[in-house]
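One structure is given here, and the rest of the page talks about it.
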Amino acid sequence: MDPVRLYYSYNDIHKMCAQQAEKILETFRPDVIIAIGGGGFIPARILRTFLKKKGSKNIPIQAIGLSLYEELVSDSPEEVPGLEVKRTQWLDFSTLGMVDLVGKNILIVDEVDDTRTTLHYALRELQRDVAEQAKKLNREGEKTTFGIFVVHNKVKPKNAQLDKEILDKYYFTGCNTPDCWIMYPWEAQDIEEHDSHVAKMGDLKP
């Protein structure tokens with residue numbers, strides 16, 4: 001039996017980002033967005049539009065690449081969870097003009113919180129990097145706060161955990177879903193076919 005699939009359109013994602021941006025501005029106010037590629041890139045860019053305050057500069061977006069999912073060896077476009085997280089791209093703190101993360105509110109963005117393994121890894125490594133930079137710069141007294149935004153959170157047992165403060169205060173999700181395949185428009189090879197599935201689902205999806 002095929003797994004249940006939930007199809008979401010670009011409009012769906014846009015609206016979820018807009019709704020959550022209000023909550024993020026009320027409680028977190030990020031200085032920097034870090035998008036986990038590739039699923040976090042589009043949500044991060046949409047989110048930045050709604051987080052921009054009038055008269056202020058755009059919030060900078062930095063990118064990291066992590067791989068946990070592996071493509072199935074078949075004609076299917078679906079992916080299955082891998083066994084470990086692998087870095088494919090990371091922040092270079094030595095790069096000229098690199099955004100300073102010490103003492104900032106940093107919002108990590110991804111498309112889905114599935115097993116939570118990727119988010120846990122990203123948060124742990126970024127916390128470690130910021131702590132090292134704070135020590136080098138003699139700024140260990142400055143508090144750096146992390147938040148997380150995901151378009152979807154799958155309601156299921158997780159393989160890893162996040163800091164309690166983040167879960168209680170700074171964890172934002174556009175929608176909670178059951179444990180099923182989530183079909184995003186940026187993964188579609190035929191966007192018209194994808195949108196037809198979205199239309200057929202109507203209000204059935206969360």
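For all residues, glycine too, the Cβ spot is worked out from N, Cα and C.
These come from Swiss-Prot:
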ACT_SITE  D114  active site, proton acceptor
BINDING   110-118, K154, 181-187  GMP binding site
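Recorded features from Swiss-Prot, shown on the structure.
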{"residue": "D110", "record": "GMP binding site", "contacts (Cβ under 8 Å, 6+ apart)": "A35, I36, G39, G40, P43, T118, L119, A122, I148, F149, V150, V151"}
{"residue": "D113", "record": "GMP binding site", "contacts (Cβ under 8 Å, 6+ apart)": "L119, I148, V150, H152, N153, K154, K158, T173"}
{"residue": "R116", "record": "GMP binding site", "contacts (Cβ under 8 Å, 6+ apart)": "K158, N159, A160, Q161, L162"}
{"residue": "M183", "record": "GMP binding site", "contacts (Cβ under 8 Å, 6+ apart)": "R5, L6, Y7, Y8, H194, H197"}
{"residue": "W186", "record": "GMP binding site", "contacts (Cβ under 8 Å, 6+ apart)": "G38, G39, I42"}
